[in-house]
Amino acid sequence: MGRRPQLRLVKALLLLGLNSISASLQDQHCESLSLASNVSGLQCNASVDLNGTCWPQSPAGQLVVRPCLVFFYGVRYNTTSNGYRVCLANGTWAARVNHSECQEILSEGEKSKAHYHIAVIINYLGHCISLAALLVAFVLFLRLRSIRCVRNIIHWNLISAFILRNATWFVVQLTMSPEVHQSNVGWCRLVTAAYNYFHVTNFFWMFGEGCYLHTAVVLTYSTDRLRKWMFICIGWGVPFPIIVAWAIGKLYYDNEKCWFGKRPGVYTDYIYQGPMILVLLINFIFLFNIVRILMTKLRASTTSETIQYRKAVKATLVLLPLLGITYMLFFVNPGEDEVSRVVFIYFNSFLESFQGFFVSVFYCFLNSEVRSAIRKRWHRWQDKHSIRARVARAMSIPTSPTRVSFHSIKQSTAV
């Protein structure tokens with residue numbers, strides 16, 4: 001351990017020596033360029049800037065163009081571009097050197113790292129926007145008691161599941177350092193289990209959405225007989241034993257790295273991924289049947305309930321592919337092509353992080369019942385405040401001189 005600081009010091013001294021040798025060679029090269037050039041009159045002397053670019057002897061008032069350096073501090077640059085510097089009219093070099101066109105040539109590893117950082121930013125931005133929209137939608141469903149029915153309670157629980165999933169995503173990102181991954185402590189495994197549980201609940205609540213619509217539209221079963229506890233058992237209850245079984249499998253067969261990722265040849269993750277794919281496929285079948293019925297039997301129907309079903313189906317038609325595409329992308333190999341891999345990373349990051357935003361928009365903000373209830377509340381608030389204003393104005397009108405106040409009567413009786 002004691003030798004490492006000494007080695008670092010030796011390396012630093014060697015680099016310093018090499019840099020000074022390189023700088024002296026550049027100065028000599030710059031002077032030789034200046035001697036070779038024939039410049040008469042007022043001129044700028046040969047100079048090497050901080051980036052190591054040689055600016056040869058040049059006439060005053062001229063913009064000097066020099067190619068970018070091949071290497072600078074170990075970084076390779078594109079030499080087809082140029083740097084610019086002005087030789088001022090008084091024969092001195094301008095302090096500012098324009099190297100904006102000199103772009104570094106990144107290796108494949110550096111490019112992948114840059115794309116990864118951009119994908120992380122997209123993920124953070126998307127999850128922040130999604131969480132904000134989901135919280136607003138949650139509060140609206142909480143406050144608007146007039147629209148509470150089984151259908152909207154399912155929407156509300158789906159939004160709650162997405163809130164919890166987004167919240168645990170932030171916990172994972174902020175706590176799971178490489179050191180924690182390697183230590184495989186108990187709390188980090190619990191965080192992973194919680195994140196996967198809420199991930200599964202998203203799919204089972206989407207299954208609840210499809211199940212409700214299929215029961216109401218295809219089976220023509222009275223929705224009044226449907227109870228919210230049935231859907232609560234499906235959405236929150238069924239995923240729990242699935243995750244418990246997955247956690248037991250991880251504990252015995254793949255107990256490393258906080259249960260993130262998987263060991264080659266171990267398929268414990270399919271314990272929870274399998275049911276997710278299954279309910280996704282069932283939902284696609286439900287949607288196919290629902291759309292078929294709506295297109296044939298209920299096309300001419302104009303009842304308010306049928307209109308609500310159509311709107312719910314439209315929202316589900318949009319959201320289910322969004323949920324499904326992001327999960328099916330997990331099994332897709334983007335290939336070795338650089339462009340396809342970059343597109344895959346960005347596309348998956350965008351859809352994965354903005355899912356909650358789309359759910360809140362389609363099931364809450366564009367929900368006609370929610371919007372109607374908000375308008376009614378707004379009108380009631382306006383009416384209430386206008387009545388208060390009228391009462392306040394009436395109370396502020398001065399009393400007539402002919403009226404006698406109680407205070408004056410009391411004074412006269414006292415006399």
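Cβ from N, Cα, C; glycine included.
Positions annotated as disulfide bond by Swiss-Prot: Cys30-Cys54 (among others). According to its DSSP assignment, Cys54 (disulfide bond) is in a strand. Other Cβ atoms within 10 Å of the Cβ of Cys54 (disulfide bond) number 18 in total over all chains.
Here Swiss-Prot flags Cys44-Cys87 (among others) as disulfide bond, drawing on similarity to another entry. Of all the Cβ atoms in the protein chains shown, 25 others lie within 10 Å of the Cβ of Cys44 (disulfide bond).
A coil conformation is recorded for Cys68 (disulfide bond) in the three-state DSSP classification, outside any helix or strand. Sequence annotations record features per position, and here Swiss-Prot assigns disulfide bond to Cys68-Cys102 (among others).
Swiss-Prot lists Cys188-Cys258 (among others) with the feature disulfide bond, giving similarity to another entry as the kind of evidence. Neighbour density for Cys188 (disulfide bond): within 10 A of its CB lie 20 other CB atoms from the protein chains shown.
Look at Swiss-Prot and you will find Asn38 (among others) tagged as N-linked glycosylation site, backed by sequence analysis.
In the three-state DSSP scheme, Asn45 (N-linked glycosylation site) falls into the coil class. Positions annotated as N-linked glycosylation site by Swiss-Prot, on the basis of sequence analysis: Asn45 (among others).
The local packing around Asn51 (N-linked glycosylation site), expressed as other Cβ atoms within 10 Å of its Cβ over all shown chains, amounts to 14. What Swiss-Prot records for Asn51 (among others) is N-linked glycosylation site, and it gives sequence analysis as the kind of evidence.
Positions annotated as N-linked glycosylation site by Swiss-Prot: Asn78 (among others).
Per Swiss-Prot, N-linked glycosylation site is recorded for Asn90 (among others). Listed in sequence order, the residues of the same chain lying 6 or more apart from Asn90 (N-linked glycosylation site) and placing their CB within less than 8 Å of its CB are Leu42, Ala60. Secondary structure at Asn90 (N-linked glycosylation site), as computed by DSSP, is coil.
The N-linked glycosylation site annotation in Swiss-Prot covers Asn98 (among others) and rests on sequence analysis. Asn98 (N-linked glycosylation site) falls within a strand when secondary structure is assigned with DSSP. For Asn98 (N-linked glycosylation site), the same-chain residues 6+ apart in sequence whose C-beta sits under 8 angstroms from its C-beta are Gly83, Tyr84, Arg85.
The region 'Important for peptide agonist binding' feature in Swiss-Prot is assigned to 99-108; the stated evidence is similarity to another entry.
Swiss-Prot lists 1-23 with the feature signal peptide, giving sequence analysis as the kind of evidence.
Under DSSP, the residues of the topological domain 'Cytoplasmic' (143-149) split into helix, strand and coil as follows: 4 helix, 0 strand, 3 coil. Per Swiss-Prot, topological domain 'Cytoplasmic' is recorded for 143-149 (among others), and the stated evidence type is similarity to another entry.
The topological domain 'Cytoplasmic' annotation in Swiss-Prot covers 219-225 (among others).
Positions annotated as topological domain 'Cytoplasmic' by Swiss-Prot, on the basis of similarity to another entry: 296-306 (among others).
According to Swiss-Prot, the feature topological domain 'Cytoplasmic' maps to 369-415 (among others).
Around Cys258 (disulfide bond), a 10 Å sphere centred on its CB holds 24 further CB atoms from the protein chains shown. For the transmembrane segment (270-295), the partner stretch with the most Cβ pairs below 8 Å, chosen from 112-142, 190-218, 226-253, is 190-218.
DSSP classifies Cys258 (disulfide bond) as helix under the three-state reduction.
Looking only at Cα atoms, Cys102 (disulfide bond) sits nearest to Asn51 among the recorded positions Cys44, Asn45, Asn51, Cys87, Cys258. A 10 Å radius around the C-alpha of Cys188 (disulfide bond) takes in none of the recorded positions listed as Asn45, Asn51, Cys68, Cys87.
The stretch from 112-142, 190-218, 226-253 that makes the most Cβ contacts under 8 Å with the transmembrane segment (339-368) is 112-142.
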